[in-house]
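What TrEMBL annotates here:
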{"type": "DOMAIN", "residues": "57-274", "note": "domain 'Alanine racemase N-terminal'"}
{"type": "MOD_RES", "residues": "Lys80", "note": "N6-(pyridoxal phosphate)lysine"}
Amino acid sequence: MVRLTRLHALKPRRPIEAYTVKADITLETPTLHDQHGRWPQAESVEDFRRNLADVYARITAACQRVGRDPAGVRLLPVSKTKDEASIRLAYAAGCRLLGENKPQEAYRKWEAMADLTDLHWSVIGHLQTNKAKLVARFATEFQALDSLRIAEALDRRLQTEGRALDVFVQVNTSGEASKYGLPPDDVAAFLKALPAFAALRVRGFMTLALFSAETERVRQCFVRLRELRDRLRQEAPSGIALDELSMGMSGDYEIAIEEGATVVRVGQAIFGARSTPDAYYWPSTVEDGSSQ
């Protein structure tokens, strides 16, 4: 029998000012999508420390290119499909908040590693209403809110648990039918309905960019999310914060940072390539942005 402990949400950072790329900067940062499925496996604490150091160095360099403070970017290591042994190595290397796609998988890991009391979990994948009870029980944040049915189910379960949850509204900026998320034109009305769910603390937006080697097409997905946030933040209902932009994964997080990302979701560049095929997590297309 696993003893349940109440998780506290991460403390919100200081308000983040609207970010705009300087007009006089020409950015030609390439994607790293050619590495997808080829990242070397992290098999020791030293491997994880080295990979984390490399990612942090790239975050810092991306920030410097556009005059940002690296402290304004949070790295979310993504541990989906990785086993307990690998996650414990990542924990020993300093990881304290991990991203998972499937609630059932994340819940099992949370139970198995209940001894790591300061290890927290962010659910970043699509959620069905019948899995809301799991997320409400263990997650520190949920980054894929895109329907009022999910909002209602989460709020009801959270009220029962006596806790609140940080959430991000997922926006489909690529226009691909294979991706979840609200169309940009529907986001304003969606935000106006969210104050009815008192247990949900809206922190910002999340998106998956186009999975493409064409850098400019990828960049435009991030630009759309930033511009949408900048348009809506002044008219957002009271209590709805739009400070955070979760965008960018292993192949494109540097570009996302250049366009204002405050959270980057990086999996393979830290843990190594996954043996589980992308189709396990995503509908049947190759360009589905599944390269965390």
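A Cβ is built for glycine as well, from the same backbone N, Cα and C atoms used for every other residue.
Note that TrEMBL annotation is computational and uncurated.
When pLDDT is averaged over the domain 'Alanine racemase N-terminal' (57-274), the result is 97. According to DSSP, Lys80 (N6-(pyridoxal phosphate)lysine) is assigned to coil rather than to any helix or strand.
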